[in-house]
Every structure is written in C-alpha cells, then in structure tokens.
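To keep things clear, I will list the structure first and then write my remarks on it.
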C-alpha cells in the first residue's frame with residue numbers, strides 16, 4: 001500500500017491563513033491565443049451565420065456536412081433515445097427529474113405590488129426569459145444529469161423555448177444526453193459545440209434562433225466565448241474546478257469521509273477535497289482509509305493527483321474555528337458530518353450547497369436529492385448562488401402614480417433633480433403637479 | 001424656432017424591424033489601449049497595494065498625498081456634510097431614502113426548508129454578502145441619488161459593511177455625495193477612483209478592505225476594471241446609455257410627453273428617447289412640442305444631439321403592436337401613457353421599470369418613488385433586473401438526509417453515478433445505505 005501524501009495543516013501554525021490561501025489559489029486560464037481564436041470565430045459566425053457554423057463544425061468536430069439541416073437533431077431522435085434507455089437508468093433519471101421539479105418550485109418568485117393611501121401603486125412584475133440556450137459538452141464530460149440540472153430551473157421559471165447544443169465529434173452522439181433532453185422537455189437541439197455554438201446562440205443564424213441567456217459547462221473555448229458574448233445575452237457563472245470541504249467532529253466512519261473526499265477528487269486532477277476536524281487522531285484515521293481505499297478505485301490516478309496537489313487535512317481548535325475556515329473558503333460543496341449540524345449551520349455564511357449530518361453523501365446532491373448541482377466554485381459562494389429558477393426570471397419595477405401621488409412625489413423629485421442640474425427631469429415631474 | 005429632426009418610423013414600412021435594429025445598435029467601447037492600461041493598474045495594485053493606489057491617485061486625480069491615510073474620508077467628515085446640507089434638499093433626500101427602504105423591504109428573500117415524510121430535509125439558506133464596495137464617480141456625474149440607490153438594497157439585504165470610493169480630482173470633494181453616504185449609513189469611504197479604486201476593493205490593500213462585490217457606475221476605465229475583476233468579486237451590470245420608450249394612445253398632453261423624452265435625452269448625447277403611438281397626428285403634436293420647448297431647456301444642446309442621433313417617433317397600428325415593439329426593444333424605462341395601463345402591461349414582457357398612466361413621470365422613479373433607478377440598458381432587460389436586494393443576498397442549498405432518505409436517494413444516485421462512470425460518487429452513497 002503506497003501512502004497518498006495529503007497536505008496537513010493546522011490553524012495553530014502562525015502561517016496557517018497564508019498557507020490556506022496558497023492551497024486555494026486558482027487562476028482561470030486566460031490565454032491570449034484562445035481569446036484571439038474565439039474572437040475570430042464569434043466575428044465569423046455573426047457575419048456569415050450558418051455557413052460559418054457548418055465550416056467550423058466540419059473542421060473542429062471532424063464532420064463533413066453540407067448544411068445546418070444535417071446538424072439539426074430532430075425531436076423524434078431525442079424521443080427514440082429515451083425509448084431505448086435501459087429501464088433502471090430511465091427510472092433513476094425520472095426519479096431525479098421529479099425531485100428536481102419539486103425542489104425548484106420553491107424558488108419561483110411571484111410578482112407583487114402594494115397601493116399607498118393616496119392611490120399610488122408600486123410593485124414588481126416577474127417574467128421568465130423567452131428563450132434559453134443550453135450548452136452540453138460532447139465526449140467524456142457529457143453528463144445527462146447536467147442536462148436535467150440546467151433545464152429544470154428554466155422550465156419551472158416558465159421559459160418558453162430551450163435550445164440545446166451538443167457537439168458530436170466524429171459524428172458520435174451521446175444517447176443518454178438526448179434521452180435526458182427528451183425527458184426534461186428540451187425544445188430543439190443542434191449537433192454543434194465550441195465557440196461557434198455559443199456564437200450561433202448569442203447572435204442567431206438562419207437556423208439557430210437567438211437566445212436570451214446561455215447556460216451550461218464547457219471547455220476553455222466555450223467559457224471564453226461565453227465571457228465575450230455576455231451583455232448581448234446573459235450567461236451563468238463560469239465554473240472553476242469542483243471542490244468539497246468536509247467538517248467532521250471525528251465520530252463519522254473514516255471510510256465514509258475518505259470516500260466523500262474521493263468523490264470530489266475523481267472529477268479531475270484540479271478538483272479540491274479538504275477535510276477539517278478538531279480531532280487529530282481522526283485525521284490520521286482518514287489518512288489510513290485513503291491509503292487503504294484508493295487502490296480499489298477505478299479513477300485511482302486522478303484521485304491521487306487531485307488529493308496530493310490540492311487536497312488537505314486541516315486540524316482546528318474546535319467547530320467554531322472550523323466554521324471560520326469554511327466561511328473563508330466558501331466551498332462549492334460543504335459537508336457537516338457532525339452530531340448537531342443545525343447548530344453548526346448557524347455559523348456558516350458562505351457555501352454553495354450544505355450536506356448536513358453523517359447520512360448525507362455529497363453524491364446524492366449531484367443527482368437526485370432535488371437541489372441543483374450547478375454551484376459557485378473558487379470562493380464565489382461569497383457572492384453567488386446555485387443555479388436556480390431566479391436565473392431564468394427577471395423583474396420589472398412598476399410605478400403608477402395617482403394624481404395625488406404625482407403631486408407629492410413630484411415635489412421632492414423636482415427638488416432633487418434641480419439639485420443635480422437635471423431640469424427636464426424636474427419639469428416633467430412638475431407638469432403632473434399642476435392639475 | 002429651429003425644428004429638431006427626430007427620425008420617423010412606421011411599422012407599415014417593410015424595413016421597419018431592420019431600421020429599428022439600426023436605431024438600437026450600440027456597442028460598448030472595447031478599447032485595446034484602455035484594456036492594456038487597466039490590466040497594468042490592476043497588476044500593480046494587487047502587487048504593491050496602498051503604495052500603487054497612492055501613486056495612481058496623485059497622477060490621475062492631480063493630488064499630492066504621501067499615504068493612504070490622507071485619502072481616508074472619516075465618518076465625521078460625512079456627518080459634517082449632512083449637517084451642512086440645505087434643509088429642503090436634506091428633507092427631499094430623507095423622504096427618498098425612507099421610500100427606497102419601504103419598497104426594497106418587499107424584495108428581501110427569506111430562507112426556507114421542507115421536510116419529507118421519511119425525515120429528509122431540503123431547503124435554501126439565504127445570507128447577505130459580508131462586504132460591498134460602492135463606486136461613486138467624481139466630478140459632474142457625481143449624483144447623491146446614485147449613492148442612495150446603490151446602498152439601500154445592500155442595507156436591506158443586511159450587508160455588514162459598505163465601503164464607498166469616490167475620486168476627488170484636484171482635491172475637490174462633492175459634499176452632497178458625502179451627505180447621502182452619511183444618511184444611508186455608508187461605513188467607510190476613500191477618496192480614490194478609476195481602475196485603481198476597483199483594484200483596491202477587489203484585492204484589498206493594507207488600508208482598503210477586500211470586498212465581495214463592487215457596484216455603481218463609472219467611466220470606461222472603471223467599467224473595464226470591473227469586467228476584469230469579475231470572478232474575484234461580484235459586479236453589477238455594466239450600463240450602456242440611458243433609454244426611455246414612451247407608449248402613448250394620443251390622449252396625453254403632448255408637452256408632457258415631449259418633456260419626458262427630454263428628461264432622458266438630457267443625460268447625455270448617447271441617451272435614447274423613443275415615442276410609440278398609433279396616432280399619427282399625435283406624433284406631429286409631440287414634434288411641435290419638442291420644437292417649441294427645446295429652446296427653453298438648460299441642456300438644449302445635449303437634448304438636441306441625443307434626439308437627432310438616437311431618438312425616434314414610431315407609428316404603430318395599435319397598442320398590441322406597440323407592445324411587440326416594446327418587447328423587442330426591452331427598454332430601460334417604459335412609460336405607458338395610456339387610458340388602461342393595466343391592460344397594456346399584460347402584454348409587456350421586457351422592461352427595466354414601467355411608469356404606468358399619464359400621471360407617472362419617469363423622473364419620480366429616478367429619485368423618490370421607491371424602486372431602484374439602476375436598471376438594465378441596451379436590451380439586457382430581456383434577461384436582467386433592476387438592482388435590488390437580491391443582488392446583495394445569496395443562497396446555499398441545504399440537504400439533510402434521514403437514514404431512510406439516505407437509503408432511498410442513495411439507490412438512484414448510485415445508478416446514475418455508475419452510468420456516468422463516477423464510482424467514488426456511487427460508493428459514497430452506497431456506504432450510507434448499508435446501515
């Protein structure tokens with residue numbers, strides 16, 4: 001049994017916080033060459049539409065199609081994939097979809113308004129986005145669960161049309177992705193990917209309708225393209241590597257905790273798994289579990305590299321100090337594997353999703369518990385939220401003045417507008433005061 | 001009386017939609033030289049902290065300070081400004097602040113959770129951001145109302161600390177801005193601006209605390225810097241020129257409507273004012289009002305340039321078609337100056353703020369009606385919302401499985417994880433099923 005060398009940190013060390021900073025440091029790749037290539041693709045697709053999309057798809061995905069028609073994935077094709085799906089996987093996908101809908105229903109915002117004594121109405125009208133683009137990666141990283149997680153909140157919000165794009169390199173198409181799309185009600189799909197797919201969705205072409213927002217994960221070309229079209233359309237957060245932070249009081253089975261760390265680490269070499277505990281002996285036990293269990297894992301090499309490069313076992317004084325570490329890290333996934341998770345939660349301010357108690361594996365949240373698995377990474381949980389229905393709804397302020405309200409509000413508006421030197425503002429308010 | 005040449009469009013024209021597109025076209029300036037300069041400033045402030053901020057401030061704002069201490073605006077200085085304020089302006093500012101608080105209270109999201117029959121708990125915990133940076137432009141565009149509009153939703157959300165930055169070129173400080181800051185409860189303020197202020201807030205220095213989000217308007221350097229630090233901190237939308245679209249049935253006093261168009265146009269030469277009506281004679285009357293009233297206006301030159309370059313009077317078939325034009329434009333400010341604004345509102349899907357009925361001047365919304373005046377521009381109301389309490393709150397998903405829930409959810413999670421080849425995920429769920 002080779003030992004896995006996972007970094008040990010302790011808050012007692014006077015350099016602890018700067019060491020923690022070093023461990024967390026992650027800069028998204030910002031490559032000038034990628035940016036140049038993406039800019040050119042965006043410009044070409046904007047100018048030449050379908051023709052450019054077809055050219056790039058033939059080149060990058062090694063296809064040989066003549067027109068966009070051949071890249072249209074008809075609804076019937078998605079339904080076929082669903083019909084062909086093995087029964088147990090279909091049942092699991094249906095179970096997951098149903099639970100996602102149930103949870104996300106709670107997130108739907110409703111319009112509201114109130115009327116003041118003088119008859120003036122104030123409020124907020126909530127409306128869904130009209131049309132949303134869903135990017136699904138091709139090849140290995142193509143997950144049906146990701147289709148569900150991105151589409152369900154849009155559906156609950158009331159988005160009328162969901163357009164999916166998924167590259168099919170060498171013509172290879174992922175049936176599970178199509179089945180998930182059929183299950184969740186994706187309206188149209190195209191076999192395109194990369195920056196060219198993002199451009200087609202952002203600007204629209206003769207074949208691909210222009211959308212109002214683009215969501216879903218992708219490689220560096222896709223992420224760069226999303227950053228560049230932001231403003232023309234909305235985008236979701238651009239995700240960094242996946243992370244988990246487990247807080248354990250020392251009384252959970254160390255094998256369980258080790259496997260939870262693995263479940264994050266197996267995503268990719270840059271994924272980050274951190275265990276925080278006030279029990280030094282427990283940290284040793286988890287290290288032993290890691291050493292013992294790792295050779296059994298299918299994705300052993302990835303897990304080892306991730307744990308050795310970016311993992312850590314952190315000794316803290318007590319659970320209060322653990323909460324301080326958590327709030328600094330603002331982890332994407334937080335597991336509170338402790339006796340009283342409710343009490344500890346009171347001190348938690350920043351985390352994407354919190355898995356409470358010894359019986360809650362992070363993995364159930366990835367698939368079927370109900371909450372979304374698209375979560376803020378790289379400390380962005382300090383200011384952002386899981387993907388949700390609120391990402392597919394937007395608000396319009398409503399103001400309807402009664403004549404009395406126009407008079408009383410107009411007076412103050414006029415004073416403030418004149419104070420700022422904006423006299424047309426002042427006069428437009430004053431007109432309504434005369435009557 | 002010189003006539004103001006405002007573009008006339010009609011939906012009957014077969015080129016109408018492409019002409020409308022041309023009218024709306026607006027590309028935010030993306031200047032390579034600006035980007036290079038900003039990148040250098042960000043890098044220097046990140047590396048050298050206070051020292052770099054002091055250097056840049058001396059250079060760009062023509063100051064000669066030795067250290068950041070001299071750029072700290074103490075709380076007492078803000079309180080003095082408030083005490084010195086003229087009584088009527090102070091009363092108007094207090095009136096406005098109180099109404100903003102009342103309206104924004106309705107936007108606060110609360111945590112929620114539900115427990116399933118098997119004891120599994122699901123929910124969402126809502127928490128405020130810890131610390132927010134508020135950018136206030138110096139010089140001419142320095143508006144006290146902007147301080148209120150950006151700070152109130154943060155306060156309502158429960159943000160603990162608001163740090164204001166405002167450049168003071170040549171040492172000139174805007175007393176009204178400081179007074180507004182004192183009134184609304186800004187915690188700390190620094191006399192710095194530009195990309196160096198954005199960098200100080202985003203990365204933190206010895207003197208300026210690192211924030212979690214930066215909001216507030218600024219020039220091209222500020223906007224570019226905000227774009228570049230996004231991800232390290234949150235940012236609000238980057239605003240384009242201000243816009244109004246007035247829909248009128250033809251029965252409102254044409255002088256009122258002309259002044260409403262002016263009130264947008266007076267902001268700057270790029271501002272956009274559009275009137276849409278099914279009544280051709282009314283469009284003529286408004287044109288006459290424009291011609292007659294413009295020479296009376298303090299900001300005549302700006303208004304003329306804005307109306308001639310980007311304004312339009314649009315003839316539509318009926319109010320239903322007016323709504324279609326509105327939904328395409330997705331205007332920042334929408335005025336429904338019609339007999340039955342409620343009926344028309346039902347067809348409106350995209351707008352930042354809606355001013356309903358003949359008595360609601362857009363100007364009351366800019367100052368004191370209650371809703372926020374920071375609104376989505378350049379068609380982004382298709383996918384984004386007014387600045388609100390929701391911009392200063394974020395959510396964490398909560399999952400707490402009972403042993404029974406862990407068993408039933410674990411089964412499906414395991415199936416889906418194995419389907420995706422993620423066996424550590426599967427095993428971490430399966431461990432919790434054994435007991």
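Every residue, even glycine, has its Cβ placed from backbone N, Cα and C.
What TrEMBL records for the Zn(2+) site is B:264, B:267, B:425, and among B:187, B:340, B:342, B:366 the residue it adds there is B:366.
Listed by TrEMBL as binding substrate are B:242, B:264, B:267, B:366, B:420, B:425; the candidate from B:104, B:333 that the record includes in that site is B:333. Those binding-site residues from B:219, B:242, B:333, B:425 lying by chain A, with Cβ under 8 Å from one of its Cβ atoms, are B:425. Residues B:242, B:264, B:267, B:333, B:366, B:420, B:425 are recorded as binding substrate; their most distant pair of Cα atoms lies 56 Å apart.
When the C-alpha distances from residue B:196 (NAD(+) binding site) to the recorded positions B:242, B:264, B:332, B:333 are tabulated, the minimum falls on B:242. Residue B:264 (substrate binding site) has B:332 as its nearest neighbour among the recorded positions B:135, B:219, B:332, going by CA to CA distance. Take the mean position of the Cβ atoms of B:135, B:196, B:219, the recorded NAD(+) site; other residues of that chain with a Cβ within 8 Å of it are B:137, B:165, B:167, B:193, B:194, B:195, B:197, B:198, B:218, B:221, B:222, B:225. With the fewest other Cβ atoms inside 10 Å of its Cβ, the least crowded of the binding-site residues B:267, B:333, B:425 in this structure is B:267. Rounded to a whole number, the distance between the Cα atoms of residue B:332 (active site, proton acceptor) and residue B:420 (substrate binding site) is 44 Å.
Residue B:264 (substrate binding site) has a Cβ environment of 33 other Cβ atoms inside 10 Å. For residue B:219 (NAD(+) binding site), the same-chain residues 6+ apart in sequence whose C-beta sits under 8 angstroms from its C-beta are B:137, B:194.
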